[in-house]
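Here the structure comes first, spelled out in structure tokens, and everything after it is commentary.
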Amino acid sequence: MSYEEISMLGEKHLINVYNRLPLLLERGEGTRVWDSEGNEYLDFVAGIAVNSVGHCHPNVVEAVREQAGKLIHCSNLYHIESQAKLAEKISELSFGDKVFFGNSGTEANEAAIKLARRATENNEIIAAEGSFHGRSLGSLSATWKNRYRGPFKPLVPGFSFVKYGDIEELKNRVSGETAAVILEPIQGEGGVNVPPEGYIEAVREVCDDTGTLLIFDEVQTGMGRTGRWFGYQHYDVEPDIISLAKSLGGGFPVGALVARKEVAEAFTPGDHASTFGGNPIACTSALATIKTIEQEGLVERSRELGSYMRNQLKKIGEENSWVYEVRGKGLMIGFETDGKAQEIVDNALEQNVLLNKVSDDVIRFVPPLTVTKKEIDKVVSLIG
Ligand SMILES: Cc1ncc(COP(=O)(O)O)c(C=O)c1O
């Protein structure tokens with residue numbers, strides 16, 4: 001089918017919740033994707049921070065193929081080898097002892113919110129202004145933007161917001177009713193916002209002093225994106241719970257809730273479940289992705305190339321007053337401009353480069369962690 005036929009078919013039958021670009025992607029390899037006309041694009045969106053090991057990495061393709069030929073799905077009524085192994089691997093890499101698997105970021109956060117309520121027997125959750133935690137009603141209740149929340153009120157009771165970075169406001173907000181504070185270690189959708197120095201450590205202290213759980217939403221920052229395995233590892237703290245998704249499965253849908261043992265034990269059989277959560281192919285894909293990140297040193301690469309890209313972008317800022325700020329960690333980079341985000345995205349697309357904006361002002365760069373310096377130079381030269 002042609003692009004025109006497919007886009008018309010979608011317009012007729014798909015519910016209209018996405019603003020799609022006029023592009024039909026058919027194939028991907030590494031940092032490159034190809035459209036239905038055979039045009040090649042350099043992909044600095046990577047499924048919005050999903051394709052961390054690049055498109056169709058041979059390790060992931062091979063692992064998924066092999067698993068698909070053995071067992072595509074079985075219920076959590078039974079034991080699943082790749083699920084247990086993936087939980088072990090995530091525990092090794094993180095603070096966590098126990099893992100629950102779902103299929104997406106919003107589900108991971110739903111599970112985190114439920115676990116926090118169950119473990120503390122409190123109901124209130126404090127989130128941050130600028131946050132994004134997902135679209136299901138619990139996660140949406142912790143999401144800041146009124147455009148997303150407003151049309152769906154009433155939301156889940158017990159959620160409130162404090163200014164991201166303002167420790168005094170948080171201190172005043174936490175009460176005997178607070179179950180948890182939920183934060184992104186670096187805010188993604190909110191504009192790639194890095195918290196002020198000392199803030200995350202101070203949040204941990206407030207939580208410790210008041211018996212409040214600390215949840216980090218690592219859906220976007222996790223799995224090496226920021227130059228550490230997890231965003232929280234940039235700070236001198238350990239959370240009680242994290243949520244993961246996006247790049248965890250290397251492109252295959254998988255989400256996870258990770259918790260300290262004492263917190264995780266609040267859940268007992270029947271408290272939570274997911275039919276597809278921890279599916280054999282999803283977990284096999286995630287294991288192959290993590291192995292690839294380790295083998296190819298992609299966490300370090302993210303740190304080094306992220307720093308390189310930020311420096312190159314800052315040079316544009318030195319010469320152009322319309323650049324306000326370059327920020328981020330590793331290969332999660334925000335480029336704040338004076339209202340030029342759409343123009344930059346459109347111009348890049350004309351030059352066969354895929355970029356993503358999170359607002360009228362801010363471009364978010366989240367390329368595969370396998371990206372090369374030469375590719376970064378190409379993108380930077382398009383902007384500057
Ligand atoms: C920090 C964060 N949390 C949660 C989500 C929701 O993830 P999903 O779209 O997989 O439900 C996102 C998605 O962009 C995210 O960036």
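Even glycines carry a Cβ here, placed using N, Cα and C.
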Checklist line | According to TrEMBL, which candidate in F132, F152, F159 joins G105, T106, D217, E218, V219, Q220, T275 at the pyridoxal 5'-phosphate site | finding: F132
Notebook entry, point to check: Which binding-site residues from the list E218, S274, T275 come close to ligand 1, meaning a Cβ under 6 Å from one of its atoms?
Noted result: none
Next item on the list: Using all protein chains in view, find how many other C-beta atoms are within 10 Å of the C-beta of K246 (N6-(pyridoxal phosphate)lysine).
Entry: 28
Check: Quick one: Cα separation, R135 (N(2)-acetyl-L-ornithine binding site) versus E218 (pyridoxal 5'-phosphate binding site), in Å?
Finding: 16
Item checked: List of residues, in chain order, with Cβ under 8 A from that of F132 (pyridoxal 5'-phosphate binding site) and at least 6 apart -> T143, W144, K145, Y148, E184, Q187, G188, E189, G190
Margin query: If you count other C-beta atoms within 10 angstroms, which of the binding-site residues T106, Q220, S274, T275 is the most crowded?
Written below: Q220
Notebook entry, point to check: Where does E218 (pyridoxal 5'-phosphate binding site) sit in the DSSP three-state scheme?
Noted result: coil
Check: Using Cα coordinates, what distance in whole Å links Q220 (pyridoxal 5'-phosphate binding site) and S274 (N(2)-acetyl-L-ornithine binding site)?
Finding: 21
